[in-house]
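Here is what TrEMBL says about this protein:
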type	residues	note
REPEAT	53-95	repeat 'WD'
REPEAT	199-230	repeat 'WD'
REPEAT	244-275	repeat 'WD'
DOMAIN	340-665	domain 'WD repeat-containing protein 75 second beta-propeller'
Amino acid sequence: MVAPVPLRVVRCGGSALHGARAVFSADSKYLLCAAGDFVKMYSLATEETLQLMGGHADRVTGIQLNPRNHMQLYSSSLDGSIKLWDFMDGIPIKTFSVGPKLLALYALASCEDSVFVIVPKSGERDTFQLVSVKLTKAAGQDVEAKELAVVLDGVDASPKHTAFGREGEYVASVKELNLQVYFFKQKQLNRFSVSATKTKGGNNHFTCIACHPTEDCIATGSADGKIRLWRNFYHKKEYTFSTLHWHHDTVMDLAFSIEGTSLLSGGVESVLVLWRNESDCQKDFLPRLGSPIEYISVSPDGALCCTLHADNRITIVNSNLRFSKSIQGLIKSADVKTGLVVDPRTKALVLNGEPGHLQFYCLQSDQQLFSLDIVQRQYIHQAGLNQADLVKVAFSARGKWLATVEEREEVTDPELQLKLWFYDEETQSFKLNTRINMPHEDHITDVCFRDMDELEDDSLILVTTGRDCVFKVWVMVEDTDPEAQQSVSWSCDFVGSYHNYQATNCCFSEDGSLLAVSFEETVTVWDSVTWDLKCTFCHPPGKIRSICFGRLMCSKYLIGATDYGFLCCWNLLSCALEWSAHLNILVLQPDPLSEYIAAVSWLSKESSLFVFKPNEPRPIYIQRNLCKEKIQLAAFVPRDEPEMIGSEKYLWLRRSQLFFLTDTQ
């Protein structure tokens, strides 16, 4: 008897790629990045992920090449350990258990057998220390490294606030309005401070620091966009500084070139600035990089630099400030209003991307395939503006048609647009076919296509539901206008309502013969040929949160979840309630290739998963506390080949995988 393997929940993507400064390999062929609990290695030639190094139990906070062996990499993590990797093979060589949370990592060629980390000061809240960790030469893969020596007290937790200068002769650290410099040989500590505010209302708080590679020069960035270059800082009184100023807001990161002849800076303006010879007059720009620059790294040969961005983009730039290429991870949008939708053509997850765009995100490579501009208007990054946002999306069964809804929040009357896009095989992209202004009088709550065999386009129907208390049926009509560039367009064919209640959800049965529309507390079922109302169901109290039909052998059932904490299953033949369960279901997701339905509940701060077939009231599989975070959305993604699964209770994973997105994305 083989013991069944328990189900594993694996973080497969969406991790922030800007958790630590990226590192180039010694030959500048590869780029290493921290991505959540993992370290990723990208090929700079092909942009593909070559290695995904997992083993840390918490977020990776720093990565550094081993100064004595450039084919090895150190990584530090909040799990309190430092790992040494052979990154070309992606295998861990050694794990050093340090103990406390490690917030940043620095490795110096001048220090033979130790590295530097930032750790919380024991017994004190929000106080941090820079300490050196002696890495033992002891045999074995897992060793302890508890020998810590404090270098600087009261440092900032951010890795950007501490830097080592001139081959490790000194370390400089900034916090709030103070700069401290410690000289190792002389064991001397100098402190400098800047005044809190300038007359022009600037904010002088330090935000980042970089040290010149060969000279005694320190560059600091501050929250008002100024860069200061400090010299002569081994004298407590005779020190000098000069100022460079272009950024209008926080300087997010600084990096010197390999020779130290130029300085790179970046911030919220999404512009990389190159300062030559420490002069305000000699500067070059690489603008429009898409989102705020979090980190800047320079390759060992000085030929490339890389910027990490707030939207999970990595940009590779040539040393003459020419854009080379970018790697785009999952863009974290403020709110995923579209839900998680699977593109039938590419099996990519489709959801809100940058404002007004749909991102097509590949789960296998954890990279964006492409971005589709839906709103087609310039987005202005300014708080308080009401701008058009993408709120709903649906694909037809084969991915030939795409429906999108965008709205602009106006207090009195919202601006709405329904757009239908046709996939053009020649250009391999979606082309806008029909734009409908104000398809409903009020917000659109749901959209769905009738999933029939799409070979006959005349069977294709789109349904939209709205807070204006109606659902509308849209069909394709032949365009008779001789000027028209296309042969078909979409128009409204039928409008349905029920007792003046708001329409909230809609879905078609598997064969397309029935349409279910929920109106607040009631589910209505309509014949999709004659548009006659067939029957109604309700389970008071509580409005219907989501609905779906059973599939295959369970196609005679309709499932609904209410916001009062009930999951209900109705029989369409007897028009009666088959069973109900007391569960607060946030996500209801049917597998398109089987009879199984996944439901995710949220109770006392944990998400639990229930997998069931509508014809059996007992779940086939229950996983309590699937995830500590709130699960916001889920989607079944079809596998390329069905899996061989022995255990009965895991059969629901045979044809599809279940992906879910937490509220922190």
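Please read every residue number as a count from 1 along the shown chain.
Using N, Cα and C of the backbone, Cβ positions are placed for all residues, glycine too.
Keep in mind it's a predicted model, so treat the numbers as computed, not measured.
Long-range contacts of the repeat 'WD' (53-95) within the same chain: residues 19-23, 25-26, 30, 32-41, 101-109, 115, 117, 133, 135, 141-143, 145, 159, each at least 6 residues beyond the stretch ends and with a Cβ under 8 Å from a Cβ of the stretch. Across the repeat 'WD' (53-95), DSSP helix (H, G, I), strand (E, B) and coil residues number 0 helix, 28 strand, 15 coil.
Over the repeat 'WD' (53-95) the predicted model carries a mean pLDDT of 94. Long-range contacts of the repeat 'WD' (199-230) within its own chain (CB-CB distance under 8 A, at least 6 residues past either end) are made by residues 160-166, 170, 172-179, 181, 192, 239-256, 258-260, 263, 265, 267, 275, 278. DSSP labels the residues of the repeat 'WD' (199-230) in these numbers: 0 helix, 18 strand, 14 coil.
Within the repeat 'WD' (244-275), the DSSP-based counts of helix, strand and coil residues read 0 helix, 18 strand, 14 coil.
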